[in-house]
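Q: Grabbed the feature section from TrEMBL, which reads as follows:
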- 2-328: domain 'FAD dependent oxidoreductase' (DOMAIN)
- 45, 46, 47, 188, 314, 315, 316, 317, 318, 319: FAD binding site (BINDING)
- 229, 284, 315: D-dopa binding site (BINDING)
């Protein structure tokens, strides 16, 4: 069977590796016009934490996120952390919303040692950060930096016999008729607007800065509309961030830089002395729900092929990546069983 995965970000590469690993007899190609380090994922901090997932059911987030977290834990225990950019860090996750976190079960049941901050701890944190947080949690979780993870995934995929093809795809018909693929896996993220004709996919612009601050050992996430975040990586600390819908501007903007620096410096004043090493913008693929499902697609010539969609992960591409890929594997198995019974 000839299979193509369209898209080479973290969703595409995990899907490709999962399919090739579970079905080694398949001929699997990854087709994209952007490979690492030019993907949206490459600029992200890679923190495992559900973010910007719309109305995706909590049980699905817990399922996909849990599988991914256990996958990262396996690498941590196997000593692969330096190779794939994996770290285990403490996180403060806070909000000024009196109602707290509506999605709390999607992460507190998966991370390590999650506990709610006491009123006295919140009071102290608010005094230090000049904020008015109403609820907060502290826990341990992973960061896995895509700029290191993606090359590793690519090597594993190639070593397993997969192939990469640098090419821009405009319509699925190109793959159905011209290339005669038997199965297409659509991991195009924001590109699904064009490729799958899905107008519910929306761009969520995210601007971040990276600074050199090796003394920062914990992450701080403010779950507010105007909240900032501080996430340490191996060689830098990521400061954020913005989530501007339907904004396709890939150029860092001065006003967003000011918002990021002012907010993060207020939370952690020592960052004022940190050297800025990079400012970057990524366009996240937002959707009302993550889409992972099969669809029968017929080209104008009449040839019909199963397309498995796997996109719309918002700001949670890394968080849900391997769980989403394993969901794709399950769908492939179902498609194969259905065909064998015909």
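One is the number of the first residue shown, and numbering goes on along the chain from there.
Keep in mind that glycine also has a Cβ here, set from the backbone N, Cα and C atoms.
TrEMBL does not curate its annotations; it predicts them automatically.
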Q: Let me make sure I understand the span of the FAD site: among 45, 46, 47, 188, 314, 315, 316, 317, 318, 319, what is the greatest distance between any two Cα atoms, in Å?
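A: That value is 21 Å for the farthest Cα pair.
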Q: Take the Cβ of residue 284 (D-dopa binding site) and count every other Cβ within 10 Å, whichever protein chain it belongs to.
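A: For residue 284 (D-dopa binding site), the count of other Cβ atoms within 10 Å is 25.
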Q: To the nearest whole angstrom, what is the C-alpha distance linking residue 315 (D-dopa binding site) and residue 47 (FAD binding site)?
A: 10
Q: Tell me which residues of the chain lie with their Cβ under 8 angstroms from that of residue 47 (FAD binding site), as long as they are six or more apart in sequence?
A: 91, 141, 142, 143, 219, 221, 231, 318, 319
Q: For a quick check of understanding: given the listed D-dopa-binding residues 229, 284, 315, what is the maximum Cα-Cα distance in angstrom, as an integer?
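A: Per the listed residues, the maximum Cα distance equals 17 Å.
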Q: Can you tell me whether DSSP puts residue 45 (FAD binding site) in helix, strand or coil?
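A: Reduced to three states, the DSSP call for residue 45 (FAD binding site) is coil.
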Q: To the nearest Å, how far is the Cα of residue 284 (D-dopa binding site) from the Cα of residue 314 (FAD binding site)?
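A: Cα to Cα, residue 284 (D-dopa binding site) and residue 314 (FAD binding site) are separated by 5 Å.
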Q: Look up residue 318 (FAD binding site) in the DSSP assignment and report helix, strand or coil.
A: helix
Q: Using the CB centroid of 229, 284, 315 as the D-dopa site centre, which other residues of the same chain sit with their CB within 8 A?
A: 44, 51, 52, 204, 206, 240, 241, 243, 314, 316
Q: Compute the C-alpha separation of residue 45 (FAD binding site) from residue 229 (D-dopa binding site), stating it in Å without decimals.
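A: Between the alpha carbons of residue 45 (FAD binding site) and residue 229 (D-dopa binding site) there are 10 Å.
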Q: Could you tell me the C-alpha distance between residue 314 (FAD binding site) and residue 229 (D-dopa binding site) in angstrom, no decimals?
A: 16
Q: Calculate the per-residue pLDDT averaged over the domain 'FAD dependent oxidoreductase' (2-328) and state the result as an integer.
A: 96
Q: Could you state the whole-number distance in Å separating the C-alpha atoms of residue 229 (D-dopa binding site) and residue 316 (FAD binding site)?
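A: About 15 Å separate the Cα atoms of these two residues.
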Q: What does DSSP assign residue 284 (D-dopa binding site), in three states?
A: strand
